[in-house]
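J.: What follows is a single structure, and I will ask about it in a moment.
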Amino acid sequence: MAPQGSRAPLEFGGPLGAAALMLLLPATMFHLLLAARSGPARLLDLPPYLPRLEALWSPRALLLWFTWLGLQVAFYLLPARKMAEGQELKDKSRLRYPINGFQALVLTALLVGLGVLVGLPLGALTEMLLPLAFVATLTAFVFSLLLYLKALIAPASALAPGGNSGNPIYDFFLGRELNPRIGSFDFKYFCELRPGLIAWVLINLALLVQEAELRGSPSLAMWLVNGFQLLYEAVLTTMDITHDGFGFMLAFGDLVWVPFTYSLQAQFLLYHPQPLELPMASALCLMNAVGFYIFRAANSQKNTFRKNPSDPRVADLETIPTATGRQLLVSGWWGMVRHPNYLGDLIMALAWSLPCGVSHLLPYFYLLYFTALLVHREARDEQQCLQKYGLAWHEYCRRVPYRIVPYVY
């Protein structure tokens with residue numbers, strides 16, 4: 001257990017907030033799944049019915065879920081053409097990670113394609129979303145418990161800054177160990193970038209196929225949602241890998257929340273088709289492209305500067321020196337707002353929701369949730385940067401007053 005003085009301040013309302021979130025997050029996910037397929041499709045109403053246990057528990061779903069996890073583990077263990085080093089840890093070491101996620105996506109696509117050719121009813125997956133979400137939730141709880149028990153015997157240098165408070169509920173939720181591994185198999189890296197994200201693509205595709213079977217062809221709105229979200233997956237980067245421990249928060253988020261709630265727009269469109277004319281579709285494509293460009297360009301500029309500040313693409317950018325030896329960008333994208341990548345994220349989130357029309361709030365849940373998530377994450381970023389850079393961060397905030405949206409926030 002870490003000394004009292006080294007513990008990070010408790011987040012999410014401490015143990016009570018963590019316990020509430022462990023109940024609220026699964027309940028919210030099931031509410032969204034039920035609301036999307038209901039007639040009214042109202043976000044703020046109680047679900048029209050509560051499913052019986054027989055509708056949630058399915059040995060077939062359990063087998064399918066563990067087959068899926070096993071398949072992604074096998075793809076993770078395939079030889080990688082490239083290995084990357086992570087950030088420096090407390091003990092000055094750096095972990096190595098296989099860069100073969102795209103390879104896993106391609107192999108998954110090939111297997112699914114072959115399955116469809118030989119008669120695999122991909123569209124039938126849409127009827128199994130409830131039992132699959134149920135077994136995935138059970139998996140997340142059991143997996144989180146095993147991670148917590150493993151962390152009890154981990155060395156102090158392996159613990160996450162915020163997950164060793166001494167309160168078992170809070171630490172179970174946030175995660176005690178920063179990078180839990182068995183051998184070279186990194187559980188957090190695997191879960192963050194493999195089974196949930198690729199399952200999101202697969203669920204979206206199954207919903208598209210099911211719509212084609214029901215109505216003769218997929219709608220333009222369904223094509224847009226599938227295309228926008230597939231494009232986004234290719235460029236995901238998060239702070240979770242480097243800063244957060246691996247507990248229930250990330251295990252449930254990666255394995256359950258991402259595939260079953262991020263596919264909400266496609267679920268909504270299957271049960272509530274929306275007309276979409278070509279001019280509006282073109283405008284939405286432009287909006288998504290603008291958000292994608294901002295997201296990519298901002299992250300690329302930051303990563304290029306971190307790797308080589310003398311690179312001609314970033315050498316002329318204005319910076320503020322810090323006591324750590326690093327420099328803070330105060331021009332280019334990072335001189336416009338403090339988190340331009342979040343701005344791109346939110347523009348894309350709006351573009352994903354608009355194909356669903358404006359008659360229902362439900363498909364805009366992702367935009368509302370993601371806005372809250374990014375504002376919370378931005379506050380965590382700010383606190384970490386203030387602790388790390390001190391006076392230099394105060395100067396940066398003075399020079400760049402807007403956090404995410406210029407002249408608004």
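Glycine residues also receive a Cβ, built from the backbone N, Cα and C atoms like all the rest.
Pulled these from TrEMBL:
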type	residues	note
TRANSMEM	12-36	transmembrane segment
TRANSMEM	56-78	transmembrane segment
TRANSMEM	99-122	transmembrane segment
TRANSMEM	128-149	transmembrane segment
TRANSMEM	246-266	transmembrane segment
TRANSMEM	278-298	transmembrane segment
TRANSMEM	346-367	transmembrane segment
J.: So, does the transmembrane segment (56-78) come close enough to the transmembrane segment (99-122) to give 3+ Cβ pairs below 8 Å, pairs being at least 6 apart in sequence?
T.: yes
J.: I need to check the long-range neighbours of the transmembrane segment (246-266): which residues 6 or more away from its ends have a CB within less than 8 Å of a CB in the stretch?
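T.: Contacts with the transmembrane segment (246-266): 21-22, 25-26, 28-29, 32-33, 36, 129, 132-133, 136-137, 139-141, 143-144, 147-148, 160, 163, 171-180, 187-188, 191-192, 195-197, 199-200, 202-204, 207-208, 222, 225-226, 229, 240, 352-353, 355-356, 362-363, 365-366, 369.
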J.: Sort out the residues at least 6 away from either end of the transmembrane segment (278-298), same chain, that have Cβ-Cβ distances under 8 Å to it, and list them.
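T.: For the transmembrane segment (278-298), the sequence-distant neighbours (Cβ-Cβ under 8 Å, at least 6 residues beyond its ends) are 220-221, 224, 228, 231-232, 235, 333-334, 340-341, 343-352, 354-355.
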J.: May I ask for the residues of the chain that lie six or more residues beyond the transmembrane segment (56-78) and have a Cβ under 8 Å from a Cβ within it?
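T.: Sequence-remote neighbours of the transmembrane segment (56-78) are 98, 100, 103-104, 107-108, 111, 128, 130-132, 134-136, 139, 185, 190, 194-195, 198-199.
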J.: Are there residues at least six beyond either end of the transmembrane segment (12-36) with Cβ under 8 Å to its Cβ atoms? List them, or say none.
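T.: Result: 42-43, 45, 47-49, 51, 129-130, 133, 137, 167, 169-170, 172-174, 248-249, 252, 256-257, 260-261, 264, 267-268, 271, 362, 365.
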